[in-house]
Amino acid sequence: MGRLEVIAGPMFAGKTEELVRRVHRAQVARRGVLVVGHELDTRSGPGRVASHSGLEVPSRSVGEAGQILALVADGTELVAVDEAQFFGPDLVDVATALADAGLVVVVAGLSVTFDGRAFQPVADLVAVAESVTKLTAVCAVCGRDAAFHVRLEAVPTGDDDALAPTSGHVGGAESYEARCRRHRHG
Ligand code: ADP
Ligand code: MG
């Protein structure tokens with residue numbers, strides 16, 4: 001019988017590492033595996049799903065959730081999808097259809113936005129999954145468990161390296177940091 005497994009958490013929580021671990025185990029077991037990334041995932045780049053620590057696995061890249069269905073071949077037993085937040089709400093129906101059809105579907109993605117809100121479609125996938133693994137990162141300020149991440153933007157102090165957390169949407173040089181509950185506001 002098929003099943004849906006969700007790997008959720010903030011950035012740097014090890015979601016991709018866990019996805020790659022499950023893919024490797026399935027490959028050891030000689031299962032037919034399809035790994036899917038999104039064309040918008042510019043960090044991994046096309047043709048691979050990559051973790052911040054350098055673990056990677058070859059993947060197919062698509063622009064829409066519906067395109068995943070056409071990539072499933074005879075013999076595909078496990079479908080692994082990384083960066084679920086890029087796929088939008090359609091991923092819920094696609095993942096459900098694949099699991100209903102008997103496949104193991106592993107979906108990893110952000111469960112929380114950089115301003116601390118539920119992030120779809122992971123929140124909805126959690127509702128219909130057999131298994132949910134919620135991971136935390138390490139707070140960049142204090143080292144405690146981090147269930148959040150913040151977007152840092154360069155602030156105009158004259159110091160190019162000056163970064164401050166923000167919940168705004170102003171463009172510019174930016175990066176992200178994992179933060180615990182206490183430090184997610186600064
Ligand atoms: P995710 O897919 O959840 O963003 P990855 O699997 O890509 O996470 O990366 C996890 C790895 O990132 C960790 O094993 C560690 O090497 C590295 N890393 C860098 N910063 C942090 C952090 N603040 N907390 C935890 N891991 C971090
Ligand atoms: Mg990742």
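Note that Cβ sites are derived from N, Cα and C of the backbone, with glycine treated the same way.
TrEMBL: automatically predicted annotations, no manual curation.
Since we're looking at a predicted model, the values are computed, not measured.
Long-range Cβ proximity for Asp82 (ATP binding site), meaning a same-chain Cβ under 8 A and a gap of 6 or more residues, is found for Lys15, Thr16, Leu19, Val35, Val36, Gly37, His38, Asp41, Ser44, Val49, Ser59, Ala108, Gly109. Taken from TrEMBL, the feature ATP binding site applies to Gly9, Pro10, Met11, Phe12, Ala13, Gly14, Lys15, Thr16, Asp82, Glu83, Ala84, Gln85.
According to TrEMBL, the active site, proton acceptor annotation covers Glu83. When Cβ atoms from all protein chains are considered, those within 10 Å of Glu83 (active site, proton acceptor) total 21, not counting its own.
Taken from TrEMBL, the feature Zn(2+) binding site covers Cys139, Cys142, Cys180, His183. Listed in sequence order, Asp145, Ala146, Ala178, Arg179, Cys180, His183 are the same-chain residues at least 6 apart in sequence whose CB falls under 8 Å from the CB of Cys139 (Zn(2+) binding site). In the three-state DSSP scheme, Cys139 (Zn(2+) binding site) is classed as coil.
Positions annotated as region 'Disordered' by TrEMBL: 163-186.
Around the Cβ of Tyr176 (substrate binding site), 15 further Cβ atoms fall within 10 Å across all displayed protein chains. Residues or ranges marked as substrate binding site in TrEMBL: Tyr176.
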### Query
Can you tell me the three-state DSSP label for Gly9 (ATP binding site)?
strand
### Message
Through the lens of DSSP with three states only, how would you label Tyr176 (substrate binding site)?
### Response
strand
### Query
Looking at the binding-site residues Ala84, Cys180, which one has the fewest other Cβ atoms within 10 Å of its own Cβ?
Cys180
